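Feature annotations, courtesy of TrEMBL:
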ACT_SITE  His118  active site, proton donor/acceptor
ACT_SITE  Lys143  active site, schiff-base intermediate with substrate
BINDING   Glu31, Ile32, Arg33, Arg61, Arg183, Ser202, Gln206  3-dehydroquinate binding site
Amino acid sequence: MKIICPFFYLNLNDALEELKAMNESACDLIEIRLDRAKAYKIEDLIQLVAHAKKKCILTLRSKQDGGEANMDHAVYEKKIIELFQVPDVIVDLELLHLQHFQDTRFKQYLDRCIISYHNFNKTPDNLNEIWKQMDIYQPYIEKVACMPQSKEDVLTLLLSCYEHKTISKKCAISMSDMGMISRIIGEMFGSEYTFCSLTTSSAPGQLPLEKMVEYLNILD
């Protein structure tokens, strides 16, 4: 299972320092969270990614999906289309907004997209339908992250990932301490990626990188 570590982009200089630690760490991919930044320039992101030794994910997480970017569908769409100007990165597209896109240019970049669904309140009953909605686009990665209200919810999410057949790679995360086990054993259910923290935690239940490496080595 590949490990993704996030950090929040505030400005180019600070991000370059964060990137140094990420480059030397055991993580496999680096997620650059843009939703906390007051502003960012595409040329600065291009410069930042050029210093990365690992594949980067650009994520503009909206408030509706648990992030800090407060914007409507049209503004989100415009900003996401702009991110595709950054070469050789993966771009996170939220299913909630994607279903309202008017600009179809994103379709030519689906081989370097994560289509994601987040629910910070519960684990919905229609997980199979959510997977199918993402699979229409056949992105590089399909990601579903939900908040469990019970241990049964954790198992429900993992089983939905296992049962979902797709050519895309999958990432299934049950959040909070209750769902932490999903981040460790997800690979057994077809989840190929997990998120953990190096300098920054971006979601409840994320383990420190060194702990995650330790657990995955035991399971290997």
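Glycine is no exception: its Cβ is also placed from the backbone N, Cα and C atoms.
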* In terms of Cα spacing, which of the binding-site residues Glu31, Ile32, Arg33, Arg183, Gln206 are within 10 angstroms of His118 (active site, proton donor/acceptor)? -> none
* Pairwise CA distance, Ile32 (3-dehydroquinate binding site) versus Lys143 (active site, schiff-base intermediate with substrate), rounded so that it is a whole Å -> 16
* If you skip the near sequence neighbours and keep only those at least six away, which residues in the chain come within under 8 angstroms of Lys143 (active site, schiff-base intermediate with substrate), Cβ to Cβ? -> Asp92, Ile114, Ile115, Ser116, Tyr117, Lys170, Cys171, Ala172, Ile173, Tyr193
